[in-house]
Amino acid sequence: MKNSHIYILYGSETGTAEGLAESLFRSLTRMGYDVLVNSMDDFNLENLLRPLQCVFICSTTGQGEMPLNMRKFWRFLLRKKLPNTFLNDMQYAVFGCGDTSYTRFNWASKKLDSRLRQLGAQSFSSRGEGDEQHPDGVEGVFAYWCNHLYSQLAAIKTPSRPAFGEFDLLPPSFQIIIDESLGCKVKGFEDNNIVRHSRGKIEATLVHNKRISNIKHWQDVRHLAFKIPNFERWKPGDVAVLYPWNDDMSVNSFIECMGWESIKYSPLIISSNVAERKLPWFPNILNVFNLVKYVLSIHSVPSRTFFEMASHFSNNKMHKERLQEFSSYKNIDDYYDYTTRPRRTVLETLQEFKSVQIPIEYALDAFPVIRGRQYSIANRCDNSTGILELAVALVKYQTILKSPRQGICSRWICDLHENTSFNIDILPGFLNLSYQSNKPLIMVGPGTGVAPLRALIQERIYNGLKENLLFFGCRNKSMDFLFEKDWEKYTEEGTLKLFCAFSRDQEKKKYVQHSIQENGELVYNLLNEKDGMFFVSGSSGKMPSSVKDAIAGIVSKYSGCSISDGYSFVTSLEKKNRYYQETW
């Protein structure tokens, strides 16, 4: 039976690909197409047996890996038993969200496109490659790509119904109704202490929340420790996922902006109006207050889709026109100047556009949901203690706006008291080094990039592997030398060689790549003579490429080869899984 829907399937790690998928869903729905949007792993694989049109939008994570919510789908496509005619009835398009500062730029979308072709699927529109380094970001490239997609799609598929007007309000994707059978204010619904925050699968209790950067340092870095069940397991390189929630003051301000005070504690029943559309996670007690507190991301930067939605619910002509301008790609620079560059939040936007009052029925269409935040686990798994540790640099900075900018998870961690219990998740990382082998391991981890390296060092020491080198970098020895006592202990025991670069402790700035160059002969011998491994962890700015430049230079200097051959040496390490880079 022919499938009349267009499927928009995404693989998203940080929410970018998912946001683009939602935007395309609204655009195609407005054009009159029947559209379904889901993560690839939530897609019903039986649909692949029918003729269908699919648009795939995916990001790349790790070293060219697939995002978590498309791995099941990807594993299915990789089955060797699938014939090369399996997807003969599929017409598809692929858009990748990437960053050219990474070596394997848009690797996931390229691999997906190639595999779909191998299985017989036909591309009806050229593959798009979004780039965070583009002047207009991924969204700018996506908007251009979509215009081409629309014309190509029109050639193969006729809309199912008349198109909506440019400024017509689309029907809500979710049905949100007040459960009148329980009354508007049921006893207990206003008591938020009994809410079970069970979004993750693993019960955790915070036992330690301590600042480990100097109180005088500009950045607050926290060492968090959680007590979790002893049977839980993780490996070096794995990540913990924290699910923050909004503070009560912000929640009440948001509810006041929306005019929802009269239904603040009203119990809700929520279902999907769109076939195969998965509902987000909800707390066990679902009322308006808890929907805003635990589900809606009111401190995120508003998307263009938000402005388009908000324009429908303003009775102020000037506000409506301005909101519509922000929603249009034609005014993308104005949108960036108002939102992205100053990092203005959804709540702050609503406080400025006071005429906007979005009805509760459109809450899940207008506002993004809170996403889990991933942090590298900073200690080895010891089931005798059941303790999981993280090192988290809290995000707080100033823009042109009066109030400091603060990430939702950073805001949450600041107010998180010890003995608070909630659920978390542990996800597998992508570390493909043979770290349990008796080979030297050279590690580079400036700042909180040292967190996964701490777990790795502890694991190797536990297994009796002593040839560990750590190049650590920070601003000042007295300000942000993270886990200093641990490194002192390991060096005294002879299980670690430590090289530090304190960039601001001398007149000329010194970074990790300079420390690597100063110890070039040692690094070269470990890599070339002893088949050593190399692990870079930390910021995705200039550091990773500077480290790679340093290694290439060292190889050239001590082997007598050209600098080009030095880079080829690094590439060969990557291919042999001896050079790993985990940056964010």
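Even glycines carry a Cβ here, placed using N, Cα and C.
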Of Trp107, Trp145, Trp218, Trp584, residue recorded by Swiss-Prot at the FAD site of Arg343, Arg373, Gln374, Tyr375, Ser376, Gly407, Ile408, Cys409, Ser410: Trp584
Among Tyr102, Phe105, Tyr511, the most crowded of the binding-site residues [Cβ within 10 Å]: Tyr102
Neighbour tally for Arg343 (FAD binding site), based on other Cβ positions within 10 Å of its Cβ: 20
Most Cβ neighbours inside 10 Å, all chains, among the binding-site residues Arg504, Lys509, Lys510: Lys510
Most crowded position, judged by CB atoms within 10 A, among Gln374, Gln513 as binding-site residues: Gln513
Sparsest-packed among the binding-site residues, when each Cβ's other Cβ atoms within 10 Å are tallied, from Ser12, Ser59, Ser376, Ser410, Ser503: Ser503
Rounded inter-Cα distance in Å - Arg343 (FAD binding site), Gly15 (FMN binding site): 16
